[in-house]
Amino acid sequence: MVIAYFTPVTGASGGAILGVACGILLLYCGEVLGASSIVSSIGLHPRKAMTEPGSTWKLCLVSAFMLIGNTVLARYFTTDYRLIQDPSIPIVSNIGYLIGGFLVGFGTRLSNGCTTGHGFCGMARLSKRSIVAVVAFMVAGVATASLLDPKNSFASATSFLRTDKAPELFNQWVGLAVTLPMVLGTVYALHNLRKSYQGLVHEDNDASSTRASDDPNEDNGAAVKNAPDLEGGQTDQSEQRIVILDGVKKLKPAAVAGMIFSSALAIGGVVLPSKISGCLNVLLIAKGTWDPTLMALMMGGLSVSWISYQFVSGIGVIENSFAMERPKCSSDFELPKNQKIDILLTVGALCFGAGWALAGVCPGTGLFLAASGCTPVILFFWPLFFVGAFVAQAIDDRSWCINSCRR
């Protein structure tokens, strides 16, 4: 059997590079590269993202991701030619993007993860919760993509989810119009973080001056000793102080991780919707047109991400002298602590898988296509993504309140 569209080298290479991005964000910032959670937190709470020091790194990551996508990478993906050449791959209609966007936003928020958060990071640390989520969204994705095959006997019933015209994937000016507001929001957040940091400097200088006036014999280097320390920090820092200092240190590695993340998706080729549909639709195996590039990317990324978790103390399964108690640019690892496998996780993962297969877009690739100027993704997928995420958050909050009252 010939697999006509399979690109194993670029797929696995893109996955390995994506694993590097996960590793950088983990080992330097102590954070999980969860595309859906990062984008949802910015979209649902923009004021918080731009004013709280602990969220600025997210804006830096997304801005770097979108800028390199718009200015460098997207020009290599002007058209998804398989959509034009292969009638077994559906071209998603605007209604399909609307429904798919809602399901992806709803599902990822309800299950707290997507292909990156659960797939590359959660499974890499052997999280049972993430393993269940990945199995659920892959099963839902395969089932949905196979059922939506345009050559099925009941294809007419799902015709409203398809169209005959393949979308233009690259329009730099449209993509720039989407990217620039994110960049400007990041600049505003950086300004706020800088003011917060300068406030710490002034507080330390004032405290040092007070001590010096009270004790003329005190060491004149006290001001230097009490200045904010970007390497280690002081043991008597308040929680807010730690958040500010960590926020400053996380900026560069987060931006680097964002650029690598965007590059990895482009190298792997999975920014093309046909790469998603071509993999999830297992009916294509018999035709010889199945494309497991997505699987190669996931395996490559998971392998490298797994290696990075071996350097986190208490997480890795291989004991080594290089295991870190805390990341290089933060005071602690911010890893998910929820290990509960419940109905919200399962339903959310199933919804995400269905929406992913329907639209051919996940949060990471959707962000890339928005930066490249793909109009249907911008106008239909993303607005309904945030609606879905908002609804899921409301359900999650209500569930938490009910469980708290029962206790």
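Glycine is no exception: its Cβ is also placed from the backbone N, Cα and C atoms.
Database features (TrEMBL):
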- 204-237: region 'Disordered' (REGION)
- 16-44: transmembrane segment (TRANSMEM)
- 56-77: transmembrane segment (TRANSMEM)
- 89-110: transmembrane segment (TRANSMEM)
- 131-149: transmembrane segment (TRANSMEM)
- 169-190: transmembrane segment (TRANSMEM)
- 254-274: transmembrane segment (TRANSMEM)
- 294-318: transmembrane segment (TRANSMEM)
- 343-361: transmembrane segment (TRANSMEM)
- 367-392: transmembrane segment (TRANSMEM)
Maximum Cβ pairs under 8 Å to the transmembrane segment (89-110) - stretch from the list 16-44, 169-190, 254-274, 367-392: 367-392
Touch test for the transmembrane segment (56-77) and the transmembrane segment (131-149), at least 3 Cβ pairs under 8 Å: no
Tell me, please, if the transmembrane segment (367-392) and the transmembrane segment (169-190) are in contact, taking contact as 3+ Cβ pairs under 8 Å between residues separated by 6 or more positions? yes
Check the transmembrane segment (131-149) against the transmembrane segment (294-318) for contact, please; criterion is three or more CB pairs under 8 Å, pairs 6 or more apart in sequence. no
Where else in the chain does the transmembrane segment (16-44) make close Cβ contacts, counting only residues six or more beyond its ends and a cut-off under 8 Å? 55, 57-59, 61-62, 104-105, 108-109, 112-117, 120-122, 124, 250, 253-254, 256-258, 260-261, 263-265, 267-268, 297, 300-309, 311-312, 324, 326-336, 362-364, 367, 385-386, 389-390, 393
Take the transmembrane segment (294-318) and find every residue of the same chain, 6 or more past its ends, with a Cβ under 8 Å from one of its Cβ atoms. 6-8, 11-16, 18-20, 22-23, 26-27, 115, 119-121, 123-126, 264, 268, 270, 275-276, 279-280, 324-325, 333, 335
Sequence-distant residues near the transmembrane segment (343-361) by C-beta distance (under 8 Å, 6 or more away from its ends) are 92, 96-97, 99-112, 114-115, 118, 129, 132-134, 136-145, 148, 161, 273-274, 276-277, 280, 369, 377, 381, 392, 395-396, 399
